[in-house]
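Peer 1: The following block contains the structure, expressed as structure tokens.
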Amino acid sequence: MIESQRHSYHLVDPSPWPISGSLGALATTVGGVMYMHSFQGGATLLSLGLIFLLYTMFVWWRDVLRESTLEGHHTKAVQLGPRYGSILFIVSEVMFLFAFFWASSHSSLAPTVEIGGIWPPKGIGVLDPWEIPLLNTPILPSSGAAVTWAHHAILAGKEKRAVYALVATVSLALVSTGFQGMEYYQAPSTISDSIYGSTFFLATGFHGFHVIIGTLFLIVCGIRQYLGLMTKKHHVGFEAAAWYWHFVDVVRLFPFVSIYWWGGI
């Protein structure tokens, strides 16, 4: 028998996923340190920790979707929590990328004597910003327009149109990731080539990692939309994915200007 409640908040049931996620994160961290320092068993512990962590993420999000879609626990008051959490998460990611861009700008504006006082350091090859980087830059903002199209389609109750828009968004995202892979393959330097290589691959790679995560997020939203699991009133997961994607596509402009173009002159 289901007991009635006089409030609009969801009192969650006891869950094993917080502790399992913590153990997975611990194993991943310790295994990563052991692997980097060539300790025996480091690679095994790292692999097991990652698998355990990914499994926990999957089943935890599965439970959240069940609570919202099948059990109807996500009232308007409950939906505010994921919205605020998504916004704060994006703000924290902005701080991450800001730190990497700051490191690149600091190193290029005041090059040390160890690299000859010039930027880029002598002997370090740089990518031509007017080739693949320029071609890749407008793709993500275009995908941002497509995800906005999907949002408007969901609000209008046009399910098929929303699916088409999400397919277009994911397709553009995959093209962008492919271009970045080509760019890395053709790069004349590596991450170990002085501070230039370190900051270049760290900043652009971290952004590329965000693109991959956002693509997976949108693929899940596309599948749920295709199955009819999102409505005009209940699509918080899609809103979080759209906000995250707009963050990703806008940020793309900063590495092009500050790292590819200005930092590579």
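Every residue gets a Cβ built from N, Cα and C, even glycine.
Among the features that Swiss-Prot reports, transmembrane segment is placed at 16-36, 41-61, 84-104, 162-182, 200-220, 245-265.
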Peer 1: Restricting to the same chain and to residues at least six past its boundaries, which positions have a Cβ under 8 Å from a Cβ of the transmembrane segment (162-182)?
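Peer 2: Here the qualifying positions are 132, 135-136, 139-140, 142-143, 146-147, 149-150, 153-154, 204, 208, 211-212, 214-215, 218-219, 221-222, 225-226, 245.
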Peer 1: Hey, which bits of the same chain come close to the transmembrane segment (84-104), Cβ under 8 Å, at least six residues off its ends?
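Peer 2: Tertiary neighbours of the transmembrane segment (84-104) are 199-200, 202-203, 206-207, 210, 239-240, 243-244, 247, 251, 254-255, 258-259, 263.
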Peer 1: What residues elsewhere in the chain lie close to the transmembrane segment (245-265), defined as a C-beta under 8 angstroms and at least 6 residues from its ends?
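Peer 2: Counting only partners 6 or more residues beyond its ends, the transmembrane segment (245-265) has Cβ contacts under 8 Å with 90, 93-94, 97, 101, 104-105, 108, 119-120, 126-127, 129, 133-134, 136-137, 140-141, 143-144, 147, 169, 199-200, 203-204, 207, 210-211, 214, 217-218.
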